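Down below is the structure, laid out as structure tokens.
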Amino acid sequence: MDFDTITSISTPMGEGAIGIVRLSGPQAVEIGDKLYKGKKKLEDVDSHTINYGHIVDPETNEVVEEVMISVLRAPRTFTREDIIEINCHGGILTINRILELTMTHGARMAEPGEYTKRAFLNGRIDLSQAEAVMDFIRSKTDRASKVAMNQIEGRLSDLIKRQRQSILEILAQVEVNIDYPEYDDVEDATTEFLLEQSKKIKNEINLLLETGAQGKIMREGLSTVIVGKPNVGKSSMLNNLIQDNKAIVTEVAGTTRDVLEEYVNVRGVPLRLVDTAGIRDTEDIVEKIGVERSRKALSEADLILFVLNNNEPLTQEDRTLYEVIKNEDAIVIVNKTDLEQNLDINEVKEMIGDTPLIQTSMLKQEGIDQLELQIRDLFFGGDVQNQDMTYVSNSRHISLLKQARNAIQDAIDAAESGIPMDMVQIDLTRTWELLGEIIGESASDELIDQLFSQFCLGK
């Protein structure tokens, strides 16, 4: 597939030690040679080398910058095209000047995600691997980055390709049955083979889907909302979990007037912690906005940490808050155990039933370990599975796998009911196509464009 040559800045904008301008395409080396002055022309250097020299404006012969240029020749590159990377000092003015020179002499500004898109279109990676590149960039924990790296390396792709190959083998048998309907033994053998292989594929899809909940948590983080009356210690809890002081902690009720969010790795579980404004009736306009945002965060939460004050009796406000969350995955935390106990624990247990309860003192940092273990146990049964497993974490992949499972179940039901093989063939083909959408072998151009448009510029 023929493309033009693209260019972009591949490092974050701003002052830094190093800035990189990347070019990819058939004229990458030629454009580089128009700007580069060194011991050798770039066209004469070996592939996968880095070369010292200067960028010079060809129009004025002005030395723009001292650089190191990497030369990477196709096909042993990420895009499977010629690539050069111009490494310069990280000043905004200089790196923009070099970018402008590359465009003046034949390159086009790359679109977001275009390098990865070219890697996909040139067969370097499939669509699920391309999506994993962005997951890796966005990962918030070591575990999430490991899951993404496994997918970049092709673990999910290999599984999907094997399943599609198995379906093709079933379809080949079905074709024999359709072509030679007069042979009963062929029909019997085909039906037996179809059912055996289809059930095996369905079981494999089910195993992948079983990793979906954990995979999605690792990819996106477990959305965890801390809720309770004002001044029960919600922000102190957030600070203890993230070991930071982002939330404002004071003795004034209603201090947290917005939703504060932070990522933290708790016992291998990535949490997206959300500290909310206390939910209560208020006339303060600013606080009222915070309360509404808190209600929205609650409705979207995977886990709710409901905080009570050990120093105060249970109130109607506490009961009202618990009514809002009682049907959700929640942990009740009795905080401030370092203070005099005025809270009736039996009354709390009667209200919350089987909901887990942890007692803590955020001031003395007591009970935090128990809280972390309870979070892990609630969602992972006490066992955060091996990060080397193949996880499905992408919502698009999960949706397609569910559709594929339904389609192959339709094929199984049809075969068991004695429906003609040409009808069964339709469901099998549909399963094959749905699995192909995951790795991009049967994805539409519109879907591909939409997915890559979400990437950052320069990747």
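Backbone N, Cα and C atoms are what each Cβ position is placed from, and that goes for glycine too.
Record features (Swiss-Prot):
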BINDING   Arg22, Glu85, Arg124, Lys459  (6S)-5-formyl-5,6,7,8-tetrahydrofolate binding site
BINDING   Asn231, Thr250, Val252, Thr255  K(+) binding site
BINDING   231-236, 250-256, 275-278  GTP binding site
BINDING   Ser235, Thr256  Mg(2+) binding site
DOMAIN    221-380  domain 'TrmE-type G'
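All features noted in Swiss-Prot, drawn onto the structure.
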| residue | record | Cβ neighbours (10 Å) |
| --- | --- | --- |
| Arg22 | (6S)-5-formyl-5,6,7,8-tetrahydrofolate binding site | 25 |
| Glu85 | (6S)-5-formyl-5,6,7,8-tetrahydrofolate binding site | 19 |
| Arg124 | (6S)-5-formyl-5,6,7,8-tetrahydrofolate binding site | 17 |
| Asn231 | K(+) binding site | 20 |
| Lys234 | GTP binding site | 29 |
| Ser235 | Mg(2+) binding site | 22 |
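Across the fold, the C-alpha of Asn231 (K(+) binding site) and the C-alpha of Arg22 ((6S)-5-formyl-5,6,7,8-tetrahydrofolate binding site) stand 52 Å from each other. Cα of Arg22 ((6S)-5-formyl-5,6,7,8-tetrahydrofolate binding site) to Cα of Ser235 (Mg(2+) binding site): a distance of 44 Å. In the predicted model, residues of the domain 'TrmE-type G' (221-380) average a pLDDT of 76. In the three-state DSSP scheme, Lys234 (GTP binding site) is classed as helix.
Distance noted between the C-alpha atoms of Arg124 ((6S)-5-formyl-5,6,7,8-tetrahydrofolate binding site) and Ser235 (Mg(2+) binding site) is 47 Å.
In the three-state DSSP assignment, the secondary structure recorded for Glu85 ((6S)-5-formyl-5,6,7,8-tetrahydrofolate binding site) is strand.
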